[in-house]
């Protein structure tokens, strides 16, 4: 039930950002979204340790329920619909003069040049066709109309049907598959904080209690600030800079060059989290490893999501109106990426404990760092072949969204 009700947080906000912001403005809002997402996942363990120590484990559940209700209320009243149906262009209406009302006009030079249609109006003045003009809004917004919250789209059935099928049909696309795997592995790295911290820090030689263990989650939280916020603020100016060097053409792969940062930081953080407990070093080594790893995670997630939007969001179906267009606005490619990522996360959720505690932390750190290095270096393939993959996959993508 938690997965069913909480799943939209991985897709809904990104789609809203793509609806509201232009191509060169999306990275910073995406960075803010990812930062808040990490805050929610890291502040929870930080506070739950002290709540458990002071009030018991049941209080942790009740606090979570209250926060979920508060979040639901905020979403209901503050998250407005950003997808809308544009009205069809108005048809020009020709105004024909009333046969009983003619305006007399004296001879002039203009009368000698009028066409035959005008001459049929003996003594009359030809009136040009005009278009209907929609009333112009004064720009002011009235009070919220709560009935709008319950308005069902006329294309809801078609969107729902396509939303259940299109994401699975898009999985074979190489770009979708790559984005999903990379996004999923960085979710696995993030889950390591919760899976390893209690077992490592509560055991000798550290012997931390529940409160201090929760307090260590401040380390990855501090790492997420520059990673998500600075990364989001820098991605768009960097893409514009690269576009100027590319004769004014912006390529989706330009932002992927920033993957050099996660490529360097992620293996370092994983080595510190593995080798530190194995050799019994000071606890700060493990905690600093969490911070360094989370300097890489939010930025890598941001780059992957931005790459997916830059690749697919501008591709429109044949129909400008109707369920096909509405389904494309819901970003089915993002649903496919998130589905792949959650499958990777689910699979490795069972492997982390035997991988680290069942083996030993030395080989866990080494193999995890090696896997992160190989994963991050795969971006070189996208930098070289990404443009070709985008062109080759466009026909298939159009076929899927025009179904």
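All positions are counted from 1 along the displayed chain.
Every residue, even glycine, has its Cβ placed from backbone N, Cα and C.
Per TrEMBL, these features apply:
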- 1-83: domain 'Major facilitator superfamily (MFS) profile' (DOMAIN)
- 6-23: transmembrane segment (TRANSMEM)
- 30-53: transmembrane segment (TRANSMEM)
- 59-79: transmembrane segment (TRANSMEM)
- 168-193: transmembrane segment (TRANSMEM)
- 213-235: transmembrane segment (TRANSMEM)
- 256-277: transmembrane segment (TRANSMEM)
- 283-309: transmembrane segment (TRANSMEM)
- 330-351: transmembrane segment (TRANSMEM)
- 363-383: transmembrane segment (TRANSMEM)
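Tallying C-beta pairs under 8 angstroms between the transmembrane segment (6-23) and each of 283-309, 330-351, 363-383 places 330-351 first.
Cβ atoms under 8 Å from those of the transmembrane segment (30-53) belong to residues 9, 13-14, 17, 59-60, 63-64, 190, 193-194, 197, 209-215, 217-218, 220-221, 224-225, 228-233, 235, 294, 297-298, 301-302, 305-306 of the same chain, restricted to positions at least 6 beyond its ends. Proximity of the transmembrane segment (330-351) to the transmembrane segment (363-383) is not established, fewer than 3 Cβ-Cβ distances being under 8 Å for residue pairs spaced 6 or more apart. Counting residues of the domain 'Major facilitator superfamily (MFS) profile' (1-83) by DSSP class, helix then strand then coil, yields 72 helix, 0 strand, 11 coil. Residues 38, 41-42, 45, 217, 220, 262, 266, 270, 273, 290, 293-294, 296-297, 300-301, 304-305, 307-308, 311, 332-333, 336-345, 348-349, 352, 368, 371-372, 375, 378-379, 382, 386, 389-390, 393, 396-397, 400, 403 of the same chain lie 6 or more positions beyond the ends of the transmembrane segment (168-193) yet place their CB under 8 Å from a CB of it. Within the chain carrying the transmembrane segment (213-235), a Cβ under 8 angstroms from the stretch's Cβ atoms is held by residues 27-32, 34-35, 38-39, 42-43, 45-50, 190, 193, 197-198, 201-202, 255, 258, 261, 283, 287-288, 290-299, 302-303, 306, all 6 or more beyond its ends. The average pLDDT computed over the domain 'Major facilitator superfamily (MFS) profile' (1-83) stands at 82.
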